[in-house]
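Data first, discussion second: the structure below is written as structure tokens.
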């Protein structure tokens with residue numbers, strides 16, 4: 001599997017066993033001026049959604065986390 005990896009949003013091959021791509025958006029203390037922080041990467045399971053996330057996308061095709 002290949003996924004986009006933050007901070008550069010470049011496509012990289014995921015480690016063995018990490019077949020899920022994800023994109024998380026969440027607010028930090030600068031959210032009102034800079035917008036949400038975006039994290040992209042690979043995972044073995046979809047990260048658990050928490051109340052601090054604005055959005056969470058998990059997908060299973062190459063580079064689907066754009």
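Including glycine, each Cβ sits where the backbone N, Cα and C put it.
Sequence annotations record features per position, and here Swiss-Prot assigns disulfide bond to 3-21 (among others). Just so you know, the Cβ of residue 3 (disulfide bond) picks up 27 other Cβ atoms within 10 Å once every protein chain is counted.
For residue 42 (disulfide bond), the Cβ neighbour count at a 10 Å cut-off comes to 20, with all displayed protein chains included. Marked as disulfide bond by Swiss-Prot on the basis of similarity to another entry: 14-42 (among others).
Residues or ranges marked as disulfide bond by Swiss-Prot: 27-31 (among others). Residues near residue 31 (disulfide bond) in space but far in sequence (CB under 8 A, at least 6 apart, same chain), listed by position: 37.
Listed in sequence order, 20, 22, 56, 58 are the same-chain residues at least 6 apart in sequence whose CB falls under 8 Å from the CB of residue 46 (disulfide bond). Residues or ranges marked as disulfide bond in Swiss-Prot (evidence: similarity to another entry): 46-58 (among others).
Swiss-Prot lists 59-64 (among others) with the feature disulfide bond, giving similarity to another entry as the kind of evidence. Annotation for residue 64 (disulfide bond): spatial neighbours 3, 21, criterion Cβ-Cβ under 8 Å with sequence separation of six or more. Following the DSSP three-state reduction, the secondary structure of residue 64 (disulfide bond) is coil.
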To the nearest Å, how far is the Cα of residue 42 (disulfide bond) from the Cα of residue 59 (disulfide bond)?
10
Select one residue from 21, 27: among these disulfide-bonded residues, choose the one with the most other Cβ atoms within 10 Å of its Cβ.
21
Cβ atoms near residue 59 (disulfide bond) (within 10 Å, other residues, all chains):
15
Roughly how many Å separate the Cα of residue 59 (disulfide bond) from that of residue 14 (disulfide bond), to the nearest whole number?
13
